[in-house]
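Right, one structure below, let's go through it.
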Amino acid sequence: MSTKNFRVSDGDWICPDKKCGNVNFARRTSCNRCGREKTTEAKMMKAGGTEIGKTLAEKSRGLFSANDWQCKTCSNVNWARRSECNMCNTPKYAKLEERTGYGGGFNERENVEYIEREESDGEYDEFGRKKKKYRGKAVGPASILKEVEDKESEGEEEDEDEDLSKYKLDEDEDEDDADLSKYNLDASEEEDSNKKKSNRRSRSKSRSSHSRSSSRSSSPSSSRSRSRSRSRSSSSSQSRSRSSSRERSRSRGSKSRSSSRSHRGSSSPRKRSYSSSSSSPERNRKRSRSRSSSSGDRKKRRTRSRSPERRHRSSSGSSHSGSRSSSKKK
């Protein structure tokens with residue numbers, strides 16, 4: 001079979017004998033060269049590409065020939081003499097790999113070593129770490145522990161073998177049989193009752209003192225309220241006395257005003273009569289001076305008792321009266 005006319009199709013298999021390595025058709029059950037039967041070890045062949053044929057070669061107008069093949073992975077058309085694709089390096093004839101589902105990484109699922117380990121109840125694990133249940137305990141060497149246990153057991157045996165005659169073991173029984181009449185067993189009950197009574201008395205005293213202090217604290221508050229009411233009543237009486245004194249002063253002022261007006265009206269005809277009856281001017285001058293001085297004293301007394309508002313009113317009234325008297329004199 002010539003290599004030019006040889007075409008690999010899907011299903012062809014390679015002889016499992018390494019010396020032979022012949023590629024057989026898919027329909028053969030034994031090797032065509034060495035006669036070895038087809039087994040599961042025989043690797044299947046897979047065509048990485050297909051020839052384009054005459055029709056596509058004619059359409060390319062002399063660019064490709066009928067023996068050229070097209071890659072199945074990248075669809076690139078390669079020359080017939082190429083065993084691998086020019087673009088993606090896919091082989092033209094490749095061995096069909098078994099579908100195991102592995103990813104195909106480095107050394108994956110190949111020569112895997114499974115080390116069988118047995119769990120032990122020892123103090124340390126397989127990595128030399130101390131187990132959790134032994135971490136809190138201070139465990140020493142086994143020989144030391146055994147020696148300590150042996151010493152303790154020997155000490156206990158020696159203690160048991162000692163004479164017990166030196167110890168008075170019957171003293172407890174003698175003490176139980178002794179007379180209890182010397183001891184006052186009821187004293188504790190009496191003391192408890194006395195303590196309860198004293199506690200009750202102290203509580204009653206504290207309550208009475210508390211009530212007295214509360215009554216004392218309430219008495220100054222009542223005295224304060226009384227003093228406040230008295231001060232309020234005194235202030236109200238003072239305000240009333242002030243208002244009554246003001247009313248009295250007002251009534252007195254009105255009376256003095258009316259009397260001054262009546263005096264002024266009566267004095268003018270007197271002056272006229274005196275002036276007409278008197279014969280000498282000197283007597284008239286003396287009389288007018290004495291009258292003016294008496295009228296000035298009266299005015300001063302009235303103005304002292306009056307308020308500043310009344311003084312202003314009296315000054316205005318006196319000016320009017322002066323103008324009236326001057327007009328009458330004229």
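For all residues, glycine too, the Cβ spot is worked out from N, Cα and C.
Since the structure is predicted, the reported quantities are computational estimates derived from the model, not experimental observations.
Annotated in Swiss-Prot:
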- 150-163: compositional bias 'Acidic residues' (COMPBIAS)
- 196-210: compositional bias 'Basic residues' (COMPBIAS)
- 211-224: compositional bias 'Low complexity' (COMPBIAS)
- 232-242: compositional bias 'Low complexity' (COMPBIAS)
- 251-273: compositional bias 'Basic residues' (COMPBIAS)
- 298-314: compositional bias 'Basic residues' (COMPBIAS)
- 315-330: compositional bias 'Low complexity' (COMPBIAS)
- S9: phosphoserine (MOD_RES)
- K18: N6-acetyllysine (MOD_RES)
- K54: N6-acetyllysine (MOD_RES)
- K92: N6-acetyllysine (MOD_RES)
- S120: phosphoserine (MOD_RES)
- S153: phosphoserine (MOD_RES)
- S181: phosphoserine (MOD_RES)
- S188: phosphoserine (MOD_RES)
- S193: phosphoserine (MOD_RES)
- 117-330: region 'Disordered' (REGION)
- 151-324: region 'Required for nuclear targeting' (REGION)
- 9-40: zinc finger (ZN_FING)
- 65-94: zinc finger (ZN_FING)
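Taking the features listed in Swiss-Prot, we show where each one sits on the structure.
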residue : record          : DSSP class
K18     : N6-acetyllysine : coil
K54     : N6-acetyllysine : helix
K92     : N6-acetyllysine : coil
S120    : phosphoserine   : coil
S153    : phosphoserine   : helix
S193    : phosphoserine   : helix
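Across the zinc finger (9-40), DSSP helix (H, G, I), strand (E, B) and coil residues number 0 helix, 6 strand, 26 coil. When the modified residues K18, K54, K92, S193 are compared by Cα distance to S120 (phosphoserine), the shortest distance belongs to K18. S193 (phosphoserine) is 55 Å away from S153 (phosphoserine) when you measure Cα to Cα. Every protein chain shown contributes to the tally, and the Cβ of K18 (N6-acetyllysine) ends up with 6 other Cβ atoms within 10 Å. Separation of the C-alpha atoms of K54 (N6-acetyllysine) and K92 (N6-acetyllysine): 19 Å, rounded to the nearest whole number. Looking at K92 (N6-acetyllysine) and K18 (N6-acetyllysine), their Cα atoms lie 21 Å from each other.
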